[in-house]
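Swiss-Prot lists 52-161 with the feature domain 'Fibronectin type-III', giving sequence analysis as the kind of evidence. Marked as N-linked glycosylation site by Swiss-Prot on the basis of sequence analysis: N23, N37. Among the features that Swiss-Prot reports, phosphoserine is placed at S12, S15, S25.
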Amino acid sequence: MEVPRLDHALNSPTSPCEEVIKNLSLEAIQLCDRDGNKSQDSGIAEMEELPVPHNIKISNITCDSFKISWEMDSKSKDRITHYFIDLNKKENKNSNKFKHKDVPTKLVAKAVPLPMTVRGHWFLSPRTEYTVAVQTASKQVDGDYVVSEWSEIIEFCTADYSKVHLTQLLEKAEVIAGRMLKFSVFYRNQHKEYFDYVREHHGNAMQPSVKDNSGSHGSPISGKLEGIFFSCSTEFNTGKPPQDSPYGRYRFEIAAEKLFNPNTNLYFGDFYCMYTAYHYVILVIAPVGSPGDEFCKQRLPQLNSKDNKFLTCTEEDGVLVYHHAQDVILEVIYTDPVDLSVGTVAEITGHQLMSLSTANAKKDPSCKTCNISVGR
């Protein structure tokens, strides 16, 4: 069921997804109280005879749609002309009211065979918990409705971005990636205490940890993928890593071929900004056949390591050569442990610029450059 945007006319057309909802048309958003009482503005009255939906089932959940079905007693079932669907984010479950400020999450649809598809990126966000309740209604000749009592409240959670959605993000990121610059090392900044802890408690090997919630809210890697964060940006005038960092004054550097080579796969993970002009692209490097590789293969678009707009590894005269995109900041996640002995740790001479940290950074949902037309 496609639901009209708030600024659409009250008599909105049916969804173009006709194979799903060809018999469904949408009415004006109604104003009624959650407890089923008649509202002064709504023209809705109670009627005991209409069946109350029960045994509600939610299925086919995506980041911005779901299917809903329920059972009803046969009594007065043939009098049902409409369904009222009350959809709320879970944190608002105790204030389920038909109010102007909640529109358009209060949905009115003509009665059609179930299950019914509810779709709308302007009110459904990915990876978000919602509550839903249903009411049956019968539209009268004078335009008023008689309604059943509300059903029980059901909870569900929307899904992450699919590969299709991530491919849309990927294509938007490609537009602004810019020309490619040569680089030779990946690096990771941390505090001295971090590297001391790695040496003492992890046998000198940096261990993957769960990615934080920075970036797109719908990214399937946030809070799930385990990896180690690296950078590869270089200064334009020197071709070397910058001396400043927001993450710590000690830097681990490792030759690029140690992490990125023909025995690894490269994946696109996310594209976002933080209310600034800077845009970030998250890439994942995973050794072929590793658990991280299997995780990414199921969820992320895979990139051609030799030919893409962000990070490449090519062979020239028998030597591996590396390039990164100039106009986006790359955040590279490596999914396996990395031993400190294969690189070097040294103190940087620049500043620790905490304001540039992306730890748990929230994506700007209004940016037209890095958002797509699904839940943010």
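Every residue, even glycine, has its Cβ placed from backbone N, Cα and C.
A quick note: this is a predicted structure, and the numbers were derived from the prediction, not measured.
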On the DSSP side of things, how many residues of the domain 'Fibronectin type-III' (52-161) fall into helix, strand and coil, could you say?
12 helix, 48 strand, 50 coil
Average the pLDDT scores across the domain 'Fibronectin type-III' (52-161) and report the rounded value.
83
